[in-house]
Amino acid sequence: MASTFRKSNVASTSYKRKVGPKPELTEDQKQEVREAFDLFDSDGSGTIDVKELKVAMRALGFEPRKEEMKKMISEVDKEATGKISFNDFLAVMTQKMAEKDTKEEILKAFRLFDDDETGKISFKNLKRVANELGESLTDEELQEMIDEADRDGDGEVNEEEFLKIMKKTNLY
């Protein structure tokens, strides 16, 4: 059953993950990251304290959870010095900004399916998109796709369920 969702082009036609080099930031984004870093590098040493990582990330509009913070710190502060260099901070923020962009892309795709703006993708929405894309899927196959993504059992796919299934299918 799960394979129906993965084989279909309905969700992937124009939203495939960009394959290639690591995500890169624009010059403006790099400047923004530099300014946030410099704000906390008060002694000009080129490093910030790991305790300030969360605050610096907040300055850039991110709200990392405690588990996320522990993981990031262990990845960038391998020698457990308690300090993070600008390059390490830039690497973390490049990844976080790419993840944010991915989520926004997925939500844009969700809104294309949810043309009646109910906050959910119904069977009718999915059938319309399949027809628009020229996909010849049976009603049964379309229903299987809904069932695969529908975690709360209401017969439709909400934003959270859509995000989960899209990440699970590795289309993003």
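For all residues, glycine too, the Cβ spot is worked out from N, Cα and C.
Database features, via Swiss-Prot:
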type: COMPBIAS; residues: 1-14; note: compositional bias 'Polar residues'
type: REGION; residues: 1-30; note: region 'Disordered'
type: DOMAIN; residues: 101-136; note: domain 'EF-hand 3'
type: BINDING; residues: D150, D152, D154, E156, E161; note: Ca(2+) 2 binding site
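Counting neighbouring Cβ atoms within 10 Å of each of the binding-site residues (D150, D152, E156, E161), the lowest count belongs to D152. Other than the site residues D150, D152, D154, E156, E161, same-chain residues with C-beta atoms no more than 8 angstroms from the centre of those residues' C-beta atoms, the Ca(2+) 2 site, are K120, I146, A149, R151, G153, G155, V157, N158. Taking a C-beta cut-off of under 8 Å and a sequence gap of six or more, D154 (Ca(2+) 2 binding site) has these contacts in its own chain: K120.
According to its DSSP assignment, D150 (Ca(2+) 2 binding site) is coil.
In the three-state DSSP classification, E156 (Ca(2+) 2 binding site) falls within coil.
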